[in-house]
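What TrEMBL says about this one:
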{"type": "DOMAIN", "residues": "1-332", "note": "domain 'Major facilitator superfamily (MFS) profile'"}
{"type": "TRANSMEM", "residues": "6-23", "note": "transmembrane segment"}
{"type": "TRANSMEM", "residues": "35-57", "note": "transmembrane segment"}
{"type": "TRANSMEM", "residues": "63-84", "note": "transmembrane segment"}
{"type": "TRANSMEM", "residues": "146-170", "note": "transmembrane segment"}
{"type": "TRANSMEM", "residues": "182-199", "note": "transmembrane segment"}
{"type": "TRANSMEM", "residues": "211-230", "note": "transmembrane segment"}
{"type": "TRANSMEM", "residues": "242-266", "note": "transmembrane segment"}
{"type": "TRANSMEM", "residues": "278-298", "note": "transmembrane segment"}
{"type": "TRANSMEM", "residues": "304-325", "note": "transmembrane segment"}
Amino acid sequence: MIIGRLLAGIGIGISSALVPLYISEISPTEIRGALGTINQLFICIGILAALVAGLPLAQNPAWWRTMFGISIVPSILLALGMAVSPESPRWLFQQGKISQAEAAIKKLYGKEKVTEVMYDLKASGQGSNEPDANWFDLFSKRYWKVVSVGAALFLLQQLAGINAVVYYSTSVFRSAGIASDVAASALVGAANVFGTMIASSLMDKQGRKSLLITSFSGMAASMLLLSLSFTWKALAPYSGTLAVVGTVLYVLSFALGAGPVPALLLPEIFASRIRAKAVALSMGMHWVSNFFIGLYFLSVVNKFGISTVYLGFASVCALAVLYIAGNVVETKGRSLEEIERELSPPS
């Protein structure tokens, strides 16, 4: 069991960094945001499907073996699908494989787009003699600002309390009279899916930065409502209902921006020569902070109380709004090459 979970964790860790990177590099500029959000949408749908797949456990305790067996199917489908998918033309061009890059562009966008995309790649300087960056280059003056933004977005995403809310949602729903843990989790999962669907339709219209600000603002308000529902005596008769409403609104707000945008934005703002390592570093920040929140959340709640912890999450969300307003650039409607020329000009 431990070995299996270790292997699954390695696979998830690799794919969580590679998938948004790959989608960003192969997507046409005008729909890059929507395609990146669709990735997050199907992750949410997968989580919801996994929750539904657990329903037979109530009648059949041995069902967990079948559940693990079912997960083989999407793994095989992903492997087969990627086997016939084109390599990233940007990566091929960077490696000097010009003819293969042109073939990938033709397969992705059609023959008529080959000249235009190749021109953009050449204009961006990706064909320069600059070697791939090493890990120390990420902390150089040239790249540190964008790398710090990437790491900060994932740190803020986790410190804003999303996993804590999900972990604690079943207890919140029990206080409102919803006895089924599966039903409570399914409600949270459905809210996540619905919010991500809205985000996918808005990503290329409203832009990444505005969705992030709206998302964290909604999360801050929801966390404040959750905190008050546990402490304000005037709200005591409605505390259970308000806690459920606050939880659902929080998850909806998260799905609008804080959930899908960081993984989409990072490959957009990182220069091609640091993109892979910088995305890996940022995703590492995501999983490390996720791990510590999962490890210490209940201990902190027991020491300070759930209301105080939720108030702390609300403060993080408010700080995130200020940070994003001052440090995140809008990438909507701009090619990766345009963004790179602005944020990481050649040294």
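Even glycines carry a Cβ here, placed using N, Cα and C.
Caution: TrEMBL annotation is automatic and unverified by curators.
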### Task
Take a look at 35-57, 63-84, 146-170, 182-199, 304-325 and tell me which one has the most Cβ pairs under 8 Å to the transmembrane segment (278-298).
146-170
### Task
Between the transmembrane segment (146-170) and the stretches 35-57, 63-84, 182-199, 242-266, 304-325, work out which stretch tops the count of Cβ pairs under 8 Å.
242-266
### Query
Taking pairs 6 or more apart in sequence, does the count of Cβ pairs under 8 Å between the transmembrane segment (211-230) and the transmembrane segment (304-325) hit 3 or more?
yes
#### Entry: Contact ranking winner - 6-23, 182-199, 242-266, 304-325 against the transmembrane segment (35-57), Cβ under 8 Å
182-199
### Task
Would you mind listing the long-range same-chain contacts of the transmembrane segment (304-325), meaning Cβ under 8 Å and 6+ residues beyond its ends?
152-153, 156, 159-161, 164-165, 168, 209, 212-213, 216-217, 219-221, 223-224, 226-228, 230-231, 258, 297
### Query
Cβ pairs under 8 Å with the transmembrane segment (6-23): which stretch of 63-84, 182-199, 242-266 has the most?
242-266
### Query
Sequence gap of 6 or more, Cβ distance under 8 Å, 3 or more pairs: do the transmembrane segment (182-199) and the transmembrane segment (242-266) meet that?
yes
### Summary
The mean pLDDT across the domain 'Major facilitator superfamily (MFS) profile' (1-332) is 85
